[in-house]
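For reference, the structure discussed in these notes is given below.
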Amino acid sequence: MALSTLAWVTMLLSLLVLPGVASVALVRSLRTEERKLELLRAQGSVDSYSPRALADLREWVQAHPNDPYATDARERHNECVRTLREIDEPYYDWSPEQIENLETIDR
Amino acid sequence: MADSEARTAREEWGSRFGFLMAMLGAMVGAGNIWRMPFTTGQNGGGAFLIAYILLLYVIAVPGLMAETMVGRYTNHGVIGAFKRLTESKRARGLGLVVLVVNIALMSYYAPIIGWALYYAGHSLLATFTQPGFQPQAFWDGFISNPALVIGMHTVTMAGLAGVLVFGIRRGIERVVKWMIPLLVVALLAVAVRGVTLPGGMDGLAFVFTPDWTYLTRGSTWIAALSQALFSTGLGWGIALTYGSYLGRYDDVPLGGGLFTAIGNTSIGLLAVFATFPVVFAFGLEPSAGSNLLFISLARVFPELFGGALWAVVFFVSFFFATFTSGLGITEVGVTSVSEETRLSRTGSVLAVCGAIWLFGLPSAYSSSFLGQMDFIIGSFGLPLATLSIIALVAWKFGPERARVIDLNRNAGIYIGSWWNPVVKYVIPIVMVFIVGYGVVGSIGTENQTLMILGVALMAALVAVSMAVMGVMDGMGDTPDPASKGGD
């Protein structure tokens, strides 16, 4: 029995959104590790948040200064800012202007 | 506790590939190979796949991100993670619930790995292509021989202990790095052989031809929800435990969430390609479950050209799928015991594997007992474990806090605030709904007594676990939010 067009479409779409996406995720994940290791070997540290993620973290710390986790969050934020100032090549897509405008958060 | 923290040197995965293969190996198990193909065919084929894939992306992927993140953030196993994220002594009991459910799950999964090992061994001896081979008699002879089944259960637990004793990097990682790629290659090879058999395409037509009316049926969505939640191992403590061994610069959402959930289902899809063409080409009963593998498919190999080789490829890969799941499930207990007691890694492995071996004896002795355990743990224990872990993120740590502080740290993909309501409301509601649907559906059926027993057992487990953790915490440490976090 030959497959109907609809069955072919369903099968190909399933292959695309399951093994297709899984393969892309695997390759991307392995490449990011390779890239981070390269940067770590060259400069000793890597920025740990993307611009959007760091902005979220900053907003959260400023909105919840007395949260039990605020100290930890502030440390992570400030550590990322200091790293970005120290390293030559960020891992995430940071522009020099964005890095220039970053500030650490004091209590 | 502080004593044991100082004593335990925390390992890390040796490579990203090792972690990803371990996660995939833990989540891909017997259910992917014997359950997913039939569930797909039974519930409208392509229509079921659409419902399933949708729910997989909406629920399982965010849920696995949450669970892996908790492990990475706390750098502890299930009990330690609960201790670090909640000040409530009673809530900490839920960590013990997850641990007990895992050991109960493994107690009846280990004999199944033993079955797979027995068949893999006989495939290497070319038993299935011997003249006069009778698959039903072979299966009956095996399963009705308690000494043999218990022997395989014992060998399985010894094998798992033999790997786990070497730890994360030199034990689990070293094994999964070749077992999982081989499993994928083997399933691909069987799939190619299957679809090229005369009549093989009928199997694909059965699975992939969508019957849209199924999308209007509640049962299709329930089946899709169950498959999306249970086949990915969400909330069983495995992702949390494996995540606790991630390094500082490792990503969680891309690998621990997206790749694990989608990769696991991709292997289920591969199993569809590997089994259904063969089932249809040889006119087998597609709803046979475990019998499909051990009886129906065993009958096919003598009729295939190069059948002895195909039997090896199929049964050895099935053994790999179950064994790597066994590693993940058992490691949940090993990590927690080594962190919470004075036992060394070796002592913890021996204690946990010994306990699982002992508790697994009734399931190894009686298939009927195994089935009852599967019903109780699958219907009530695992959802309870999932709810416990998701509740930890959703209601104790808080999804927004988790997302901004840790989930997006070193992440391969950015996770937006859409994630918060999914973790906080959607997953818990769906879990409660599935359990409630199962309870209502059991009323008036032959499973009613088991259902009542299961609900009562789980209620007792929660009460006892909370009491035990309350007493133990009274003698030990207190939470220290300032010391949370995994660097």
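Counting starts with 1 at the first residue shown.
Heads up, the Cβ atoms here are built off N, Cα and C, so glycines get one too.
Marked as transmembrane segment by TrEMBL: B:17-34, B:46-66, B:93-118, B:147-168, B:180-201, B:221-246, B:258-284, B:304-329, B:349-369, B:375-395, B:425-444, B:450-471.
Scored on C-beta pairs under 8 angstroms, the neighbour of the transmembrane segment (B:93-118) with the top count among B:17-34, B:180-201, B:425-444, B:450-471 is B:450-471. Contact between the transmembrane segment (B:180-201) and the transmembrane segment (B:450-471) is not supported: fewer than 3 Cβ pairs lie under 8 Å, counting only residues 6 or more apart in sequence.
Tallying C-beta pairs under 8 angstroms between the transmembrane segment (B:349-369) and each of B:46-66, B:147-168, B:221-246, B:258-284, B:450-471 places B:147-168 first. Contact between the transmembrane segment (B:17-34) and the transmembrane segment (B:304-329) holds: at least three of their C-beta pairs are under 8 Å, each pair 6 or more apart in sequence. Proximity of distant same-chain residues to the transmembrane segment (B:46-66), defined by a Cβ-Cβ separation under 8 Å and at least 6 residues beyond the stretch ends, is recorded for 39-40, 207-215, 220-221, 223-225, 227-229, 232, 234-235, 239, 252-253, 256-258, 260-262, 265, 386, 389-390, 393-394, 399, 402, 407, 415, 419, 422-423, 426-427, 430.
The stretch in B:147-168, B:221-246, B:304-329, B:450-471 that contributes the largest number of Cβ pairs under 8 Å to the transmembrane segment (B:258-284) is B:221-246.
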